[in-house]
């Protein structure tokens, strides 16, 4: 069975990885010829301000007194330049946002997982094409463009990473550092002839990355005074820098200024997903080559922002974030970034119609070059009779459009040129997408075949080894035939040869060949399949259809709960009514009432706000007090039992109570310290990490008696969970655990009611007994319900207090007891552990259910695996790459979550077994347990 689980784990890793090969592969191509506009540019230099984490509404709206938070930028909009909204794409993170701005290229979603400093951009950018680029700002952003550039013409000046502290006194210092260093740089340049000559060259870029707004947004939220004050500080800094540039270059009118943001931020201070507050960023441009403000009487937009911002009379020009890169390159006359997919927003340009037409033509040729390279690459690795070209953009059509565009330019029909080039760009982008997804159907079919095969094999294994379903059916053993293995070997050779002649990547061999051994294992059990069919036919059709419908309904409720959290409430409400629909109510009234009460109490959580809630430390304190009260009741009741406690066990419980008290103190004092802007106290940080480290060790010191061990696990994990909580979610594990304790009791009642085995006294059961294989029984129909309950509780543990399908559901304030200095992977790991704590509590309860119902962990675990895999297959079909970016990201993340859950089940099952069965001792004395 160990071999089966090892192979199962490997297969699930392949299925998990498949989504990245099918949907997350980078569309990058190399080998294009650089393209640039053959006319003199309007600007010699460009200054790019990126206010990290700045929302469009936060910049453009007026405050409660009717004044702008950024009066200088507002004045630019009304009197000097052009403005609009830059629409970003998912993931709304700093690296992808800057790549889109500076390279005109949308990285795939997996870019979020890349280390920023150690992973320079692998493609061309504005900085790379410039003669020189000087950049100031965050050490997380600047190095990736400098290291990715060819040559050494990109210079970076960044502060120490420790400055990025969410608990710092004043995050605006990150921005004032940038402004001060830029001023010092230009002051120094006057006395340095070499530097002076460089900054007086043409085709140069100055990049100012301003992180203060993002840091204040994470720490205090965008509605805070700190966030809004930071916008004013940035506005003042931009005003000073613009004045300095104009003075330094003698007001030569050859400087272009671009002010924008990489992404926005949600009301609760996070970003990463596709909410409008994250995807709508400001864009303000002025200076050389930029149109002056255009007064209009009416504008057509689907939103009501213009009226809210009182900018309805100034023409708003919206762009996609990647469009800013070709705008900047055309302004200073450098080649368009080779991998750019941005479309030049000609409405921003203040130049001749000829310049606009030539720039648009260059833009079209540059994107068409990518299409040609992509098509050639795909054609070279596909058999001629299997290759299907992109019909909308044939070679002849490309030639005709380009020829017609040149003819229009010659005859000075510039509007027609712009329109024709936009049409060509849209076709080329469609073609790029077509060839990028060319193999998607082949890969998808193989993954689905493998999935169905695996589910079939796991189901057959359950029926064959762990049930009585085919007992009594004919056991005639047939001599194995060599035809089946030979057939599969032949098919495998054909598939491998087909992939080899097409020069496919090695991963294609994995996806293409994996279904073969799986289906071979299924068809080897043909006798079991026959016996199963015979056995099923003996059951009444109505019973079979009823069970099938109930199972399907249960799966659909689980799937729908990923989209609508209130489905969890509906499911838990149905669970609450379950005892009254059976004989449980008559046999165990108190247990049934407890089950109903805690089911309904837990059902409240999915109805509460997912995110956007303000921190409420009083609820965290309340949860801590409830834990202490419960602990006092349990310890008191156990101490009353004769010989139930020895000193060591009492010491462990007191240690856990002390840990809970310390956690409450740390949460309160950390919150107070951060509000006073005094940062995270070192002692609090030490206590937090010590609590986290001890939470998986202290339970091993407690008694292995079932309820004592489970309660010890709850106390230890709750101490850590309190440190990671900011509001009502601190109550969630407590309510969930209470329901788990009742679940263990009620399952014993159902087992006795069904007459499968006699009821054991729970106070006499020790977790160490679960290694006794002689006590295990065969599976019955009711065990499918138990497995379904587990999956439902696991999904509830995931979605009970938030929608983790979305990156922006994470609140960074959750980790402030552990660290406040920006560290994406450490913070991510802590938040992942916060998600897994309820998961661990459910798995430990499941261990107890298996033990009390005398079931093999393997048999019940197999049913859980089948249910999870059916859900995963469901979500695989729901994955899409069309519609809004929020829909695309959500559909992919749902599949990733279910697959992760299935893989984590194996590891968490092992962790739960370790926590429940392992016993450590403080001293060498022999242990005694109460009966």
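Our numbering is plain: 1 for the first residue shown, then up by one each step along the chain.
Note that Cβ sites are derived from N, Cα and C of the backbone, with glycine treated the same way.
Given the ranges 403-423, 592-612, the record in Swiss-Prot names 592-612 as transmembrane segment.
Different topological domain names are assigned in Swiss-Prot to residue 616 and residue 888, which places them on opposite sides of the membrane. In Swiss-Prot, the annotation transmembrane segment applies to 686-706, one of the ranges 371-391, 686-706. Ranking the glycosylation sites 128, 192, 350 by the number of CB atoms within 10 A of their own CB puts 128 at the top.
Per-stretch counts of Cβ pairs under 8 Å to the transmembrane segment (2-24) identify 859-879 as the leading one among 724-744, 825-845, 859-879. Using the rule of three or more Cβ pairs under 8 Å, pairs at least 6 apart in sequence, the transmembrane segment (509-529) is not in contact with the transmembrane segment (859-879).
The stretches the transmembrane segment (443-463) and the transmembrane segment (859-879) meet in space: the count of Cβ pairs below 8 angstroms, excluding pairs fewer than 6 apart in sequence, reaches at least three. Summarised as a single figure, the pLDDT of the topological domain 'Lumenal' (916-931) averages 59. Here the transmembrane segment (895-915) has long-range neighbours at 5, 8-9, 12-13, 15-16, 19, 562, 696, 699-700, 709, 713, 770, 794, 798, 804-805, 836, 839-840, 843-844, 846-847, 857, 861, 864-865, 868-869, 871-872, 875-876, 878-879, meaning same-chain residues at least 6 beyond its ends whose C-beta is under 8 angstroms from one of its own.
Of the recorded residues, residue 192 (N-linked glycosylation site) and residue 350 (N-linked glycosylation site) place their C-alpha atoms 35 Å from one another.
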